[in-house]
Amino acid sequence: MNSPAAAVPSEIVQSPLPRLKITEIFLSLQGEADTVGWPTVFVRLTGCPLRCSYCDTEYAFHGGTWWDIDDIVTEVLKQGVRHVCVTGGEPLAQKRCLILLQKLCDAGLDVSLETSGALDIAAVDARVSRVVDLKTPDSAEMARNRLENIPLLTARDQLKFVICSRSDYEWAKTMLVEHGLPARCMVLFSPSKSQVSARELADWIIADRLPVRFQMQLHKLLWDDEPGR
Ligand code: SF4
């Protein structure tokens with residue numbers, strides 16, 4: 001069952017200024033998806049309307065600092081790397097995130113977006129690689145999945161399942177077939193740390209010859225859950 005939905009503070013969604021509320025901007029290595037291992041600037045937006053059981057970025061739910069969007073782009077460019085990942089929280093909960101994504105693309109950067117899959121991705125700049133979650137039953141947020149996003153996914157995008165149990169795995173397999181997901185975009189399966197062992201999930205995928213890409217979060221192997229890494 002869902003945990004009670006947490007509202008995104010209204011000032012975040014409705015501020016009239018070309019600003020975004022930001023938890024942190026930092027340089028690290030991309031820890032997941034198809035750009036894993038690349039030096040990447042992360043722009044973490046504040047706020048999320050979901051409360052997944054395994055969330056590791058609860059510190060981004062509240063607080064943050066207002067930044068002018070142009071200043072965010074300048075800060076990203078200052079880091080001197082090609083890849084930038086806009087993440088959260090749920091970045092699309094702040095509507096002006098769409099402007100930021102467009103400006104980062106205009107600046108010639110390789111831009112990815114990490115999103116919960118609960119909000120509409122249709123208006124995201126087509127140059128952005130979208131990494132979209134499909135929340136499993138044990139995430140406690142399955143009811144928030146916006147299935148209308150699935151037909152919008154292209155070969156530039158990736159769909160990510162965080163697997164918390166064998167029953168989550170079976171559910172994910174059903175979704176693969178029902179929605180023809182592997183033919184649409186790369187599908188990623190990650191173990192939820194402390195709920196399913198990485199080896200167990202890897203063995204299930206091999207036994208079933210699933211057309212999905214197993215991944216472990218590189219940043220957690222390197223730096224555990226340290227914020228800003
Ligand atoms: S969508 Fe992401 S940031 Fe939001 S609660 Fe779930 S895991 Fe945490």
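In case you wondered, yes, glycine gets a Cβ from its N, Cα and C as well.
If you look up TrEMBL, you'll see L29, Q30, G31, R44, T87 marked as substrate binding site. Secondary structure at L29 (substrate binding site), as computed by DSSP, is strand. Other Cβ atoms within 10 Å of the Cβ of L29 (substrate binding site), summed over all protein chains shown, number 16.
According to TrEMBL, the domain 'Radical SAM core' annotation covers 35-229.
Around C52 ([4Fe-4S] cluster binding site), the same-chain residues at least 6 positions away in sequence with a Cβ under 8 Å from its Cβ are S116, K135, S139, A140, E141, V162. What TrEMBL records for C48, C52, C55 is [4Fe-4S] cluster binding site.
Under the heading S-adenosyl-L-methionine binding site, TrEMBL lists Y54, C55, D56, G89. Within the same chain, residues at least six positions away from C55 ([4Fe-4S] cluster binding site) with a Cβ under 8 Å of its Cβ are C48.
Secondary structure from DSSP puts T57 (Mg(2+) binding site) in coil. The feature Mg(2+) binding site is assigned by TrEMBL to T57.
Checking the binding-site residues L29, C52, T57, G89 against ligand 1, the ones with a C-beta less than 6 Å from an atom of that molecule are C52, T57, G89. Of the candidate binding-site residues, Y54, D56, T57, G89, the one lying closest to R44 (substrate binding site) when CA atoms are compared is G89. Y54 (S-adenosyl-L-methionine binding site): 15 other CB atoms within 10 A of its CB, across all protein chains. Following the DSSP three-state reduction, the secondary structure of R44 (substrate binding site) is strand. On a Cα basis, Y54 (S-adenosyl-L-methionine binding site) lies 16 Å away from T87 (substrate binding site).
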